[in-house]
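Student: According to TrEMBL, the domain 'Cytidylate kinase' annotation covers 11-231. Marked as ATP binding site by TrEMBL: GLY15, PRO16, ALA17, GLY18, SER19, GLY20, LYS21, SER22, THR23.
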Amino acid sequence: MEAESKRRIQIALDGPAGSGKSTVARRVAKALGCDYIDTGAMYRAIALKFIETGLFQKLDAAASSLTPALEAEIDHLLDTSQLELFTEKVILDGRDVSEAIRTQEVTRRVSQVAAMSPVRRHLVKMQRGQAQGRSVVMDGRDIGTVVLPETPYKFFLTASLEERARRRFLEFEAKGFEADFETILKDIEHRDKVDSSREDSPLVMAADAVRIDTTGKTIDQVVTAICEAVEALKMSAVKTDSVDKSTDAAEEGGKPGC
């Protein structure tokens, strides 16, 4: 069991909106033979359900204050939602919402949902459960600090605000959505502020994470950098384990006989 645990690789990719996490995470997972878990899709799916059930209207009317009644309604929504993630699909309550969760409306609202403690508690528990006993690549904003804090494979992706807005603009255009660059730029800037200042699991880089600025880099370059870093960390762990075993053996050999 211990040997199996050491062979398991759990990679945390954190970073702000538009830093390339999801695209890179999928490619890294494929390259290393791991399962990919898109935690951002989870928050987007819940944001979509808030939109469809009118919960955002109630939150807006309450000035985003979580009253006991609203918190109870959110808890009920979370408890009764059926959320399933597949490699290329996101299923919410039995329907495919893979495209619906990528609209600008959901994108504008998702940071508001992600800042809510009831939502974070529910989804962090789900994420930890999905990672248990598996080799995974998981991307988000608090993977290395909250969801998988024990993993040695932590990476923090970043890029300039303008570069991230450009990527999101091109993404919307490619999907046929109406997009305005300045609006996207302001939305991402606002989301950065919300994500980094929220009380529950704010966006911060883990102390032991490897920081990678993806500005001006191709996807292949970033994927290669992460895969090489993972291999280096694995080799370092093997050497440390060998030294520990040699030390233990030497100490055992030096003990007086009975």
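Cβ atoms are placed via backbone N, Cα and C, with glycine included.
Are these features on the surface or tucked inside, and what touches them?
Tutor: Here the Cβ of ALA17 (ATP binding site) has 24 other Cβ atoms within 10 Å, regardless of which shown protein chain they belong to.
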Student: Translate the DSSP assignment of THR23 (ATP binding site) into the three-state scheme.
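Tutor: Assignment for THR23 (ATP binding site) reads helix.
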Student: Based on Cβ atoms within 10 Å, give me the single least packed residue among the binding-site residues SER19, THR23.
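Tutor: The binding-site residues SER19, THR23 were compared, and THR23 has the fewest Cβ atoms within 10 Å.
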Student: If you count CB neighbours within 10 Å, which one among the binding-site residues GLY15, LYS21 has the smallest count?
Tutor: GLY15
Student: Other than GLY15, PRO16, ALA17, GLY18, SER19, GLY20, LYS21, SER22, THR23, which residues of the same chain sit close to ATP? List them in sequence order, counting a residue when its Cβ is within 8 Å of the Cβ centroid of the site.
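Tutor: Counting only non-site residues, the set is VAL24, ASP139, LEU157, ALA159, ARG164, ARG167, THR214.
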Student: Suppose you look only at the domain 'Cytidylate kinase' (11-231); what would the mean pLDDT be?
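Tutor: On average, pLDDT over the domain 'Cytidylate kinase' (11-231) sits at 93.
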